[in-house]
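Visitor: Sharing the record's features from TrEMBL:
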TRANSMEM  40-66  transmembrane segment
DOMAIN    187-383  domain 'Glycosyltransferase 2-like'
TRANSMEM  353-375  transmembrane segment
TRANSMEM  395-423  transmembrane segment
TRANSMEM  478-498  transmembrane segment
TRANSMEM  504-527  transmembrane segment
Amino acid sequence: MDRLQSTSIFPGTFQDEITGQFRLIWQVLKAPLIVPVLQLLVQLCLAMSIMLFMERLYMGIVIIFVKLFGRKPHKRYKWEPIKDDVELGNSAYPMVLVQIPMYNEKEVYRLSIGAACGLSWPSDRIIIQVLDDSTDPAIKSLVETECQRWASKGINIKYEIRDNRKGYKAGALKEGMKHSYVKQCHYVAIFDADFQPEPDFLWRTVPFLVHNPQIALVQARWKFVNADECLMTRMQEMSLDYHFKVEQEVGSSTYAFFGFNGTAGVWRTSALNEAGGWKDRTTVEDMDLAVRASLKGWKFVYVGDLTVKNELPGTFKAYRYQQHRWSCGPANLFKKMASEIAKNKKVSAWKKFYVIYSFFFVRKIVAHILTFTLYCVVLPATVLVPEVEVPKWGAIYIPSIITILNAVGTPRSFHLLIFWVLFENVMSLHRTKATFIGLLEAGRVNEWVVTEKLGDALKTKFTAKTPRKSRLKIGERLHLLELGVGGYLFFCGCQDFAFGKNSYFIFLFLQSFAFFIAGIGYVGTFIHNT
């Protein structure tokens with residue numbers, strides 16, 4: 001009996017000792033180390049919040065003026081339809097190259113090629129160039145057969161392949177520009193494999209380039225065909241609508257700068273070549289080209305009322321990879337080009353300031369780091385260290401205003417604002433990680449994983465009879481980073497519920513659940529095996 005008592009009491013005593021040691025270490029480190037570091041982080045977060053708030057406020061004011069005074073591209077630049085010329089015939093129309101880079105795009109290759117071949121333009125003044133980097137022989141065969149099918153209908157379509165994937169998309173586009181027939185092309189339109197331009201796309205974009213020799217790029221807006229597929233795609237739509245309807249519009253209407261989106265745009269071939277062509281030094285080759293062209297003095301125009309249909313990532317895995325590339329690449333490009341931009345003599349000081357501070361530093365670095373650091377690290381930590389407080393204006397008021405300003409681009413989803421905030425905070429974990437990888441040029445800095453498109457699989461998801469077994473194994477469904485952050489937030493929420501005074505536990509519990517849901521992979525569209 002004594003032996004049973006001793007074995008049952010000992011574990012509790014041992015646990016008490018361990019707990020006591022942790023409390024002692026915590027008390028020893030708290031005042032001299034943890035409190036000062038947390039106070040510094042709070043000050044940094046407040047400074048970044050003010051920077052982001054001023055940036056959002058500036059863009060909000062500009063977009064109001066744009067809407068009120070109707071500063072449409074057609075009013076700021078010369079635009080008129082290209083007219084027929086009896087003597088010149090079709091040669092009155094510029095030669096246009098349409099590039100479609102693709103990689104194992106089984107679900108969408110037919111849609112993109114069909115849309116490009118359906119563009120309304122004189123047939124002898126357009127060349128469709130399919131740049132196929134596919135590694136799957138079966139898919140390559142399908143794409144080549146599709147190109148041959150359109151060629152048999154009289155479409156001038158070229159199927160181009162290469163023996164390696166060096167430089168990924170940038171490498172494919174660069175290689176595509178080397179073909180002899182490209183030399184006769186005045187303009188280059190680029191569409192990713194899931195983009196489907198309307199037939200009048202060239203009629204609405206090319207005149208800007210024809211009548212305004214200072215314009216290098218005409219960018220159209222993205223329209224998402226699967227925005228209503230699931231809650232995750234609705235969240236993506238909210239983020240990207242702000243980018244297109246506010247950020248791109250402000251950059252274009254103020255003649256400042258906006259980045260090329262890598263697709264749904266038309267370049268002046270001479271401007272593309274003068275800027276140095278495609279480079280694969282970062283994973284944002286489109287932004288790289290746009291910055292270099294801008295530094296040469298070229299202007300860009302954004303046509304917000306011209307939309308091109310495309311697909312949002314439908315799976316959480318695909319979205320994570322995309323966001324890594326979109327966050328790591330700009331940070332890495334900023335590191336490589338900040339000095340070059342500052343020293344440039346061809347553009348105004350205002351434009352250099354806009355590109356360095358507003359476009360790169362605030363939007364591509366501060367926005368990512370602030371979101372994760374403040375809401376997922378610092379604010380929860382103040383629950384454990386009550387000696388440090390985040391002022392109400394920094395914890396609630398400014399973030400609320402920023403959130404509302406971010407949501408104006410998608411009024412139909414305003415009722416989903418809470419979900420959007422929680423989802424964006426989850427994704428800020430990966431964006432912050434990717435941003436530091438880009439700045440430090442760490443391991444995954446040049447990682448390029450092509451975003452998986454579901455295409456026709458989305459159409460058959462509910463009609464096809466499929467087994468219950470999912471493609472994803474349990475190991476692939478679990479995301480330890482999300483689970484770890486979720487556990488930290490839940491612990492802080494419990495601590496605040498028991499001992500806190502700020503009622504942060506409401507947010508902390510909700511945010512922890514969002515991380516847990518993402519951590520077990522219960523996000524996005526699920527496509528089953530056939």
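A Cβ is built for glycine as well, from the same backbone N, Cα and C atoms used for every other residue.
What TrEMBL says about a protein is an automatic prediction, not a curated fact.
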Visitor: So what's near the transmembrane segment (395-423) in sequence-distant terms, Cβ-Cβ under 8 Å and 6+ beyond its ends?
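Guide: Same-chain contacts beyond the flanks: 49-50, 52-53, 56-57, 59-60, 231-232, 234-235, 237-239, 241-246, 374-375, 379, 510-511, 514.
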Visitor: For the transmembrane segment (504-527), give me same-chain residues lying six or more residues beyond its boundaries with a C-beta closer than 8 angstroms to one of its C-beta atoms, as numbers and ranges.
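Guide: Contacts of the transmembrane segment (504-527) (Cβ under 8 Å, skipping residues fewer than 6 from its ends): 229-230, 232-233, 313-319, 375-376, 379-380, 382-383, 418, 422-423, 425-426, 429, 454, 457-458, 461, 470-472, 476-483, 485-487, 489-490, 492-494, 496-497.
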Visitor: Below 8 angstroms Cβ to Cβ, which residues of this chain, lying six or more residues outside the transmembrane segment (40-66), approach it?
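Guide: 245-247, 249-250, 253-254, 358, 362-363, 366-367, 369-370, 373-374, 377-378, 381-382, 388-391, 394, 398-399, 401-402, 405-406, 408.
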Visitor: Check the domain 'Glycosyltransferase 2-like' (187-383) for me and report the mean pLDDT.
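Guide: The average pLDDT of the model in the domain 'Glycosyltransferase 2-like' (187-383) works out to 94.
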